[in-house]
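Below you'll find the structure, written out as structure tokens, and then a few comments.
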10 protein chains.
Amino acid sequence: MNKLEMTEAIMTAKSSMSVTWEEAGSAIGASPVWLASACLGMNSAPAKTAAAIAEYFSLGEEVVAALEAYPTKIWDQAVPTDPLIYRLYEVVGVYGETLKEVIQEKFGDGIMSAIDFSMDVAKEECPKGDRVVLTLNGKFLPYKSW
Amino acid sequence: MNKLEMTEAIMTAKSSMSVTWEEAGSAIGASPVWLASACLGMNSAPAKTAAAIAEYFSLGEEVVAALEAYPTKIWDQAVPTDPLIYRLYEVVGVYGETLKEVIQEKFGDGIMSAIDFSMDVAKEECPKGDRVVLTLNGKFLPYKSW
Amino acid sequence: MNKLEMTEAIMTAKSSMSVTWEEAGSAIGASPVWLASACLGMNSAPAKTAAAIAEYFSLGEEVVAALEAYPTKIWDQAVPTDPLIYRLYEVVGVYGETLKEVIQEKFGDGIMSAIDFSMDVAKEECPKGDRVVLTLNGKFLPYKSW
Amino acid sequence: MNKLEMTEAIMTAKSSMSVTWEEAGSAIGASPVWLASACLGMNSAPAKTAAAIAEYFSLGEEVVAALEAYPTKIWDQAVPTDPLIYRLYEVVGVYGETLKEVIQEKFGDGIMSAIDFSMDVAKEECPKGDRVVLTLNGKFLPYKSW
Amino acid sequence: MNKLEMTEAIMTAKSSMSVTWEEAGSAIGASPVWLASACLGMNSAPAKTAAAIAEYFSLGEEVVAALEAYPTKIWDQAVPTDPLIYRLYEVVGVYGETLKEVIQEKFGDGIMSAIDFSMDVAKEECPKGDRVVLTLNGKFLPYKSW
Amino acid sequence: MNKLEMTEAIMTAKSSMSVTWEEAGSAIGASPVWLASACLGMNSAPAKTAAAIAEYFSLGEEVVAALEAYPTKIWDQAVPTDPLIYRLYEVVGVYGETLKEVIQEKFGDGIMSAIDFSMDVAKEECPKGDRVVLTLNGKFLPYKSW
Amino acid sequence: MNKLEMTEAIMTAKSSMSVTWEEAGSAIGASPVWLASACLGMNSAPAKTAAAIAEYFSLGEEVVAALEAYPTKIWDQAVPTDPLIYRLYEVVGVYGETLKEVIQEKFGDGIMSAIDFSMDVAKEECPKGDRVVLTLNGKFLPYKSW
Amino acid sequence: MNKLEMTEAIMTAKSSMSVTWEEAGSAIGASPVWLASACLGMNSAPAKTAAAIAEYFSLGEEVVAALEAYPTKIWDQAVPTDPLIYRLYEVVGVYGETLKEVIQEKFGDGIMSAIDFSMDVAKEECPKGDRVVLTLNGKFLPYKSW
Amino acid sequence: MNKLEMTEAIMTAKSSMSVTWEEAGSAIGASPVWLASACLGMNSAPAKTAAAIAEYFSLGEEVVAALEAYPTKIWDQAVPTDPLIYRLYEVVGVYGETLKEVIQEKFGDGIMSAIDFSMDVAKEECPKGDRVVLTLNGKFLPYKSW
Amino acid sequence: MNKLEMTEAIMTAKSSMSVTWEEAGSAIGASPVWLASACLGMNSAPAKTAAAIAEYFSLGEEVVAALEAYPTKIWDQAVPTDPLIYRLYEVVGVYGETLKEVIQEKFGDGIMSAIDFSMDVAKEECPKGDRVVLTLNGKFLPYKSW
């Protein structure tokens, strides 16, 4: 079973169980964003978590193996077209240099890791319209001379 | 004075004053990320704030006018090469579909605005290496039928 | 049933019923442009409307579910080749900066939303050849400082 | 004087006169959108209008000649990055096929001309936030067999 | 039956009848270039002509419907690789500005329509090697101010 | 003097003499399209013709040399944006395969040369709007086996 | 039978016969390079040669017809990645302007035809390592004025 | 003196001396193709040859140093537009796989080097039109396992 | 059996045998990196090694033949997206010119071969986190004049 | 002084001193590869090293400041054309998936850092031609679930 088939199996189970990523994550012991990324095939799950995910969705050994497999992370659109994803891309384009300025002033020459990294989505209720709050948390990696 | 010249003037002043975006922002009454983006020419400043920025950096009327001008937001690299900015792009590529899943499950069909939007950079100290914490806060905009 | 199969089912039904988007929209209580976009899979329909669409075309529950699903909006051609669609792209290329000038002068620094948005197609009869009248109506979203 | 220099001369004059495209257009006898496009160098002006524009802005013969010159319409970004212009591009991507469906059902096989064409920007006041109303009006051109 | 299947059906019939586009066009009452483009799926045929084409090739109602359908005109290669087609692309690249000069000097600011348009291929016999003569005939569309 | 400077010198002279390519071509003994392409730097002129062009426009030896120089034919836009040139590109996209069908049926496997080639622009007056008639004439070059 | 199936049939036959392109070419009366290009579907074969190829490989009428068909020459990679083919592309990139200099100095303004063209591969034995010798032979086509 | 200035100096000298690459090469003791590539800045010259070139063209020490410098070989157009260079690109596209077939059958798995490489241009006189003969000679480099 | 099917067969066998590339390489007498590249279809194996590989994985003659076949080396992503592969691409982008400087200073004008080439992966244990050590070893190929 | 001017100043000094990166690095106390990358503007130097570099090359305070500045790492060619750099790109294309296989088997799911990273160039003398030995050393960064 490859990652695509795995995703389809999990999405079907999730839909028939009518659970959210938040509910599933809290039952399994994983954050909703990471859980969704693993189920969509963009992260591998540790053995124990893979077993817990498969059990939660009442799926078999093949799904466990597919969840544990190390993914090759490929995306087709250099510039994404879906409006939700494009807006994130736009943030990188508009604020990329700004973030470089502010982060490197605060931390020195280096980068925020996208590997030693976590992310969270929260809802901020607001009378003028609710707000999405994304939090990205990545280790600072300094450049070194040698 | 165009935005490029404005940026150069401000960066020179900022460097000779040896102040950080945080210090400048706190004196001017603006967040460091927004302030940096306005000084780099990627956002326009309201008249009052433009005046405060110019005053803080001891710069003249031309800088005020250039800060108030509405920018045309252009970036040259569809896929950015600088490692700090690329990692943000990579996050969009790896987690784009995941965020679509989680946000739309939580909020319904719609997007996070990149216009009615703010952003913050914080440092999380950690014995294994400090961490960069980016917070993106955008209004949820629901699609409507008509 | 995915969106592609849904579109095929609706188009077949529509063709065998020999109805136009205008007739269908007026029966269902939706504008023709929005209805066509939902049936082509580029917008999700609210539950009630999805049910009305399926009923109008005598299609089943699977179609209702597919209409309600939140679409991932993808287009393959960065520069469209079909002449009807290319002309619209050309309008954006030729008049993009002009519209930025005129809109921002009138409304301040900000954008016209493509999410809180509606669109209409009308025919203007004219002896020298009929004219297509497209009306785009989007909420103005002002940039804010923070 | 080339179109770039012409645009700069007009923009400087317009700014020092503190007039809007609407005021200028109404004085000159041209719509604000067309006037802006001609002043930005994306359309040529008929001799009489060119003279009226130059006179209104107190500019000389060179500006008249530059306004009359036939422009080569070039844009650099196949996919525009400025958010205001990108949203228009997004509308073409999301609704391109929909508009093809609706227009060709109403008019037959053919296109909306981008040459025999006009465009208008209006403000619709609304308590939840003002709305931008763009109206595109182009001659329908039917395909012919031969 | 979609356009691809229609093309295949017609090409098979044409090949087994051993007729040329010229012979077919003269029997059906259409020019060879237009007929080929309609049979290759790049133009729609009026009802009467569609019927005549299907009859000529002894094909059924499905082919008539497919010929009448309005095509979405898509080509995959922004720069074509087949040498015959590339040479035409090269002519546009080498002589594009030249044609703009000569046409606009003769007709004023505007374009040659590719919609209200016809095209013809002729053979010019020549002792040093026969010559291909392509004639493009398109309505001149003037730009207008508004 | 390079080709760019040559073009500028000739265009200035042509404009101050208020002559058309047709008039210039008829005086010099060259077709208007070829003459324009040589003056725009996309073809080299034989020594005699180069001298005649320079004389006609009262320009010096440097222009003669620049006209005789063999050009490197470069265009920047793989897909042209100017509407007049784009329509020609669209014709290649829409009718490329059709022309391949019709030409190769008539001439055998091979191509129309873009080197041993000439082109002409004519005006066809028409009550519904004048028409542009482009004639392309290129030697047929058959593929050979070896 | 299309060209892809034809190629597969010939390659299978060639492999089971354990013959080289050189042996096949010499038996059929064609050069190895041309023969390979026709069998790979990038050239059409004259009727007689097509029959000889099919006979040599003990294949039927369908292969003869597919060999005679005029190919549409398409390649997917604008910049080829296979190292053997990339090196040829690199030669064009590194030496393209050089060859233009040397050829046009020797022959006048014009090009080397890629249609009236042949090519040969030879092995030059050398103690330091054998050498590949490619010979390209194309008719010179002069540009003409008209 | 950089390579661009060096090229300009040599081309000016060569033009005023009215010599060909063949004459220059024979005087200097270098092949015309290599000599042109070194003078165009696409190859470095050994010290002795660099001195001979500068002497032949009566140029100074700066030219010697610039000829000896190791070039960074950059070309701007992934797909060249000049017809002479495009035809070579087309040969790579049409015959790339064919050459891979024939070369690897003759030499084993490996490539023709573009570094340990030479090239020659000859004229083959022919009553139907002279022919350009390009000879590429590169060391065969076999892949190895390890 | 093509290379894709071969890879699948080997990967399945390898997985069910629970062996690493290191163990397999040491049993077969090949380095792990080269072995993996041959099994992934990016290198051909000499007859003897191909037989040893097939035997080790208990696979048949078809796999031997597929391993011996000369691959066409194609990759789809000009800029790879998988983070592990992208980091290597980034190294080429950031350090490409630096390596050119240092290698050519040490070896003269020329390149490091990617054909007469080997590569190795080692683990360097380190208390702060293990390190990956890649060693690339390629023959230096000097440019020559001719 | 920006990084470009800094590079020029250092290269001029280095050339007039006739020293190699190896000699300079050993005097300054830095590896030759890192030193070259800092001098080419692709890495920032710690204050002490920046001072040592400037002193070694007898350059002033401006060079020290420019060496300490954090660079924006930009490269123009997604696919590099210089043969030395392209071969490295080719290695990433041909061996990217192979390295992913071997590294992740050895280290688990994760990547080799290009930030916590060093690199070395050595010469391996060999009778058949010297060999370039590149060693890349990067920290392994494991993906984590959260």
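Note: Cβ is positioned from N, Cα and C throughout, glycine not excepted.
Given the structure is predicted, the values throughout are model-derived calculations rather than measurements.
According to TrEMBL, the active site annotation covers J:Arg87 (among others). Other C-beta atoms found within 10 angstroms of the C-beta of J:Arg87 (active site) number 24, with every protein chain shown included.
Taken residue by residue with DSSP, J:Glu90 (active site) is part of a helix. Annotation source TrEMBL lists active site at J:Glu90 (among others).
What TrEMBL records for J:Ser113 (among others) is active site. Under DSSP, J:Ser113 (active site) is assigned to a strand (E or B) in the three-state scheme. Shown in sequence order, J:Gly138, J:Lys139, J:Phe140, J:Leu141 are the residues of the chain, 6+ apart in sequence, with a C-beta less than 8 angstroms from the C-beta of J:Ser113 (active site).
If you look up TrEMBL, you'll see J:74-146 marked as domain 'Cyanate lyase C-terminal'.
Counting every protein chain shown, 23 other Cβ atoms lie within 10 Å of the Cβ of J:Glu90 (active site). Chain A comes close to J:Ser113, taken from the active-site residues J:Arg87, J:Glu90, J:Ser113 by a C-beta to C-beta distance under 8 angstroms.
Note: J:Glu90, taken in sequence order from the active-site residues J:Arg87, J:Glu90, J:Ser113, have a C-beta within a distance under 8 Å of a chain G C-beta.
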